[in-house]
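Enquirer: Found this in TrEMBL, in case it helps:
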type	residues	note
DOMAIN	164-249	domain 'DUF6534'
TRANSMEM	12-34	transmembrane segment
TRANSMEM	46-67	transmembrane segment
TRANSMEM	87-105	transmembrane segment
TRANSMEM	117-143	transmembrane segment
TRANSMEM	155-179	transmembrane segment
TRANSMEM	199-219	transmembrane segment
Amino acid sequence: MGSGFEKTLGTLLVGIFLNTYLYGIVTYQFAAYYHTKFNDPLWIKATVLVLFVTDTFHSAAVIYMAWEYCVTNFTNPTIVGVALWPYTFTPIGTAIAAVVTHNFLGYRIYRLTRNKYIYGIIVFFALFAFALGVACGTKAWIIKTSSELLVLQPLVTLWLAVQTAIDLVIAGLMARLLYRSRTGFRNTDTVIKRLIRGAIQTGCFAAIFVMGDLIAFLVSTDSNLYGMFAIPLGRIYTNTLMDTLIVRSGLKDLLNGAVDLGDPHTHNIWGESIISRTPATTSNIELSQISMRRDIHTERLGDNKKAQVSQVESALVFARHNGTEKQINDPEDTA
């Protein structure tokens, strides 16, 4: 094989290596999730399982593709002009991981804001991007020739542009919601800062890979540079969702006794919040069920004694309360 394979097989192998590394992280997250034994609803566990199976299948498929390109067809240089089925399946696998993650995070935003319009917009564009991704994969599967994949430029451009927009919007909304939930107390604000950082990092990381995929597909038409970004993209979305789930145990320690979080299990991941005057009554920690304690002290006129005038408040917590759902808002927001 000649030197021209650096731009074709070389970039493709880099993408496969990166995908394998990220799949290792996914596997660790999957094991950590089930080892911790969160008491999540069945649909959450099913979501995790579907993503893991999809990632496992796709990761195994692209390793098989590398074997076909580099070993089976070592003496057949024309094979680089053929888009093998694992390559054409990549948009579909990415679309599955993206739509699951986007809808999950969109539902998270809905439970924090109760804004059906924002949630509806996120779901609509997430499903729209999913349909575009499946269409790209299906058309590429039919074409099968790498040089002819350029006819998909308009469709791929629209798909990746919509996906980038969703990533950035979700990251921005989560960061804004969490920023507004600051309490002024170190323990709780440390947790909020970590959540903000995580929301921005995961959203921007996915957006960077999507934009890299789009730019490479449009600019470097004579190489597989876009594959270096496209192949691991689905794993990044899975990493995002899994990190959102397993971070709950660590956040309990970060609160450092600011509130009684009970055990690290969850019963209803997006249940309603219960802000209790006796925090010990809350036995389960939910995905965003981190009760923030806001102790506000005021100075009494003519008296040096301080009176505590408010207790626990949270803009992040949603838990079951007497079997009914009721959102607990910040007193400042309801004033």
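The backbone N, Cα and C atoms fix where each Cβ goes, glycine too.
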Enquirer: If you average per-residue pLDDT over the domain 'DUF6534' (164-249), what number do you get?
Expert: 83
Enquirer: Ranking 12-34, 46-67, 87-105, 117-143, 199-219 by the number of C-beta pairs under 8 Å to the transmembrane segment (155-179), which range is first?
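Expert: That would be 199-219.
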Enquirer: How does the domain 'DUF6534' (164-249) divide up by DSSP, counting helix, then strand, then coil residues?
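Expert: Going by DSSP assignments, the domain 'DUF6534' (164-249) contains 73 helix, 0 strand, 13 coil.
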Enquirer: Where else in the chain does the transmembrane segment (117-143) make close Cβ contacts, counting only residues six or more beyond its ends and a cut-off under 8 Å?
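Expert: The answer is 83, 85, 87-92, 94-96, 98-99, 102-103, 105-107, 109-110, 149, 151-152, 155-156, 158-159, 162-163, 165-166, 169-170, 173.
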